[in-house]
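Taking it in order: structure first as structure tokens, then the write-up.
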Amino acid sequence: MALKDYAIEKEKVKKFLQEFYYENELGKKQFKYGTQLVHLAHREQVALYVDLDDIAEDDPELVDSICENAKRYSRLFGDVVQELLPEYKEKEVVNKDVLDVYIEHRLMMEQRSRDPGAVRNPQNQYPSELMRRFELYFRGPSSSKPRVIREVRADSVGKLLTVRGIVTRVSEVKPRMVVATYTCDQCGAETYQPIQSPTFMPLIMCPSQECQTNRSGGRLYLQTRGSKFVKFQEMKIQEHSDQVPVGNIPRSITVVLEGENTRIAQPGDHVSVTGIFLPVLRTGFQQMAQGLLSETYLEAHWIVKMTKSDDDVSGAGELSSEELKQIAEEDFYEKLAASIAPEIYGHEDVKKALLLLLVGGVDQSPQGMKIRGNIHICLMGDPGVAKSQLLSYIDRLAPRSQYTTGRGSSGVGLTAAVLRDSVSGELTLEGGALVLADQGVCCIDEFDKMAEADRTAIHEVMEQQTISIAKAGILTTLNARCSILAAANPAYGRYNPRRSLEQNVQLPAALLSRFDLLWLIQDRPDRDNDLRLAQHITYVHQHSRQPPAQFEPLDMKLMRRYIAMCHERQPTVPESLADYITAAYVEMRREARASKDATYTSARTLLAILRLSTALARLRMVDIVEKEDVNEAIRLMEMSKDSLLGEKGQTARTQRPADVIFATIRELVSRGRSVHFSEAEQRCISRGFTPAQFQAALDEYEELNVWQVNTSRTRITFV
């Protein structure tokens, strides 16, 4: 590769900044960087972002050179901008800061003491870092793909690259010294020391000509008002869980932020960072102990906070016609659900619920109050019913997920920990599992084994979707907009239907009510089911894959892409369904009161029905929730409640409408032998029965000669 002539490169840069333009809506030329240079000259703008896509239109070779040797070209661009600024300065700067006044005062004093026509002493020149009052950053070309953090190796040193990850730790913003200014106590001369490394050795002896000639040995004292500082922040980003090979620890990289790039991201944010990959330069005694190894960091130039759809690279792009044909079948809902953990036999309704958890409902924010759209599910059951297998599959399937166990998780491990920063010694926040799973799924196994003090940290996350921190003087709120999928075992080995739900699982009612679906998976002896399950397990062990089914399960990547497409939809509930949903909820409340239900049916149940309905509408890629979606949501809710009742409760819930109507009318005639027909009909309809069911019950018990109805049908009399 031929050596670059940087004088020619400098002319190219100058020409680009002066001449690059685009045509606006009126067809007039708009000089993009010329306008920004005017703002920089007048101090109306601090940072100049150079888009490499703009350079690629005229000179693709220059873009390659910048990407290969970004640090050198960053200084080159800075020098060119500094030279051009006086040409673009149209007026004097009104708002001057301390450094402006300091430099102007020094120049004025020096001019007074200098003879007329004399040339300024080059030793008194101010360093370019002190005079430069702007920041220059590159924005990477759109053609370059983001790298995985573990693929950033030694061959990337000095190059401009883009990495994606999740922010795990952010330090406080502090001032970093760029130029140190000293004053001599003997001759009064000023000395400037540009600082390039993280640490520096302050100057002690005055290097001026006067002190050296007189041998006065003047000592230098640091002038903080004349020194230049920039905002400095350090951030750690960790690679996403789907980028980590099985059995490996997630890699992380240190990102250094300066100036206008600070205070952009918080722990838990998913970011895309474009920057220069550099080694840490040690000086002084640290250089002697450094050895052959060097720490590295990314000098950030461009930071973008990403949404979930931006983050899922595989979700980008439309589905092909073949892929759409695979999904667009009549039973696509069943097919998608059965494609979740196909090696696990049965659990069809549980898999449907897990599919809806991945799709999620729609967030609502009426007048500032946030109603979550994420669906929470708790799987309970006897040991050996594949709860943990379902959790681990969802962890692999979800684009963003965190997997943890209750016994090995502390409260700070789930929410956020306050750690002391190794660089500055300051206290910093490091996000836990729930923060890192923001806009994803957090799978918590052995939920019942968690300590009570640690479990209380989840209450706020499940409803408010935030984590409030008040530790060691740090008061802040972090986002934790994640769905929680928990698995718990019964307290006494197996689920006892004679005990209440709280006694079986030993979880507080306040926490259980926050779950949209509580699913009990019991291991009941059944010859046919046991035979099919045993055949399924032996086949999986023999062939290391699931048995041949009636259909081919969908590929995991295809499911991820389809779920990402579903997230783009924002379905709404039409007014025509409002009364239907309300009546269904009232009926569920009535049934829960009549049958002494194991779970508490509250207003959260109604919100759960709405969330499940909107998730089903999203799954069908429509913008309006239909009655079938509501019915399926209610069916899943009923199935989850039925699973909690056990064999004893199954008969109680499946009581015939005629028998319930008979019991209702018998309550009305507790004082006498007859009751008004209209009163009985009104009472039964208010309890959710239809007039047809009421009439059928009347006819049935009249045939049995239990009661008689008079000819005018105004009175019911017991025989």
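Yeah, the Cβs are placed from backbone N, Cα and C, and that goes for glycine too.
Which of 209-212, 249-252, 513-516 counts as motif 'Arginine finger' depends on Swiss-Prot, and there it is 513-516. Segment annotation: Swiss-Prot labels region 'Interaction with RAD17' over residues 521-564 (candidates 389-432, 521-564). Site extent for ATP 1: the farthest pair of Cα atoms among TYR345, GLY384, ALA386, LYS387, SER388, ASN489 sits 20 Å apart. In this structure, the C-alpha atom of TYR345 (ATP 1 binding site) lies 28 angstrom from that of SER500 (phosphoserine). With all protein chains in the displayed structure included, the most crowded Cβ environment within 10 Å among the recorded positions LYS15, LYS387 is that of LYS387. Counted over every protein chain shown, other Cβ atoms within 10 Å are most numerous around SER500 among the modified residues SER365, SER500. Long-range Cβ contacts of the motif 'Arginine finger' (513-516) within its own chain (Cβ-Cβ under 8 Å, at least 6 residues beyond either end) map to 375-378, 459, 462-463, 484, 486, 600, 602, 604, 608, 611-612. For GLY384 (ATP 1 binding site), the nearest of the recorded positions by C-alpha distance turns out to be SER500; the candidates were LYS15, LYS28, SER365, SER500, SER678.
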